[in-house]
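Features of the protein shown, as given by TrEMBL:
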type	residues	note
TRANSMEM	16-34	transmembrane segment
TRANSMEM	41-62	transmembrane segment
TRANSMEM	140-165	transmembrane segment
TRANSMEM	199-218	transmembrane segment
TRANSMEM	230-253	transmembrane segment
TRANSMEM	259-277	transmembrane segment
Amino acid sequence: SQNSSEMPETITSRDAARFPIVASCTLLGLYLFFKIFSQEYINLLLSMYFFVLGILALSHTISPMMNRFFPANFPNKQYQLLFTQGSGESKEEIVNYEFDTKDLVCLALSSVVGVWYLLRKHWIANNLFGLAFSLNGVELLHLNNVSTGCILLGGLFIYDVFWVFGTNVMVTVAKSFEAPIKLVFPQDLLEKGLEADNFAMLGLGDIVIPGIFIALLLRFDISLKKNTHTYFYTSFVAYIFGLGLTIFIMHIFKHAQPALLYLVPACIGFPLLVALAKGEVTEMFSYESSAEILPHTPRLTHFPTVSGSPASLADSMQQKLSCPRRRRQQSPSAM
């Protein structure tokens, strides 16, 4: 399905600098909300909201995997959900969503997980939704360069440390918020099995924020045209190391730890050391990824904004699709 909402959102350095302030205001707002209003009603509202979002995110995530299981003779029909405003020449598209029968099967399977989450709030259903949100987040948020990544990660490093160590706000919101905005790991799994109820938590921000930086390094690896993914693997191992260190320190001090305190220095530091060793620091910081799209995520790079007859719309679509292709062949840095 192709939809303008699926276009990756590029994060600029200004967005990155603003992000911790916006996140802090949101966090404080939620904290006050939980203190003033009944927790029960807020969580009911949030459950419904994340139920719908979770089903859509999970459906989008599992559809590439599910395609392998459909037989070749599967009766696949195409559908389009079109919602417009106005008529004639001034008609505007608000929603234009294309999907097929296979997408509907994925949606049905995701709905089963959604109902399971809504009725039981089971940790497995929570984690399935959490992983789907994380994967969609990494896919839809693109950092334009390494400097922006450093600003974003640096700002959120301070944000995380302040709200976890400086106040009880982060821990209170995380424990009160009954929504799949965190992955939970049962610590009493061996004793209670699937009915475990003592959890360690990892916020989705601790996955998505380093994740978009690691994805940027993967695009940088590909731009070097060396057929190696050195920076990607370095940052990936750094992430695992940072997470392991967070868990280790949490067990020693028996206190909630801001994961970004360990993840940010690891995910920036390790690739930077590799760049220093290989003499590629200049290339790393001068790399701009806004014009590039990974080969395995086919997308329309431009969407026509022409209203009018179907013929003029088709013409504009043809021009918009043929132009980037010609430019891409001339550009030395494109993949």
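Note that Cβ sites are derived from N, Cα and C of the backbone, with glycine treated the same way.
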**Prompt:** Between 16-34, 41-62, 199-218, 259-277, who has the most Cβ pairs under 8 Å to the transmembrane segment (140-165)?
**Reply:** 199-218
**Request:** Could you give the residue numbers and ranges of same-chain residues that sit at least 6 residues beyond the transmembrane segment (41-62) on either side and whose C-beta is under 8 angstroms from one of its C-beta atoms?
**Result:** 33-34, 103, 106-107, 109-111, 113-114, 117-118, 128-129, 131-133, 135-136, 176-181
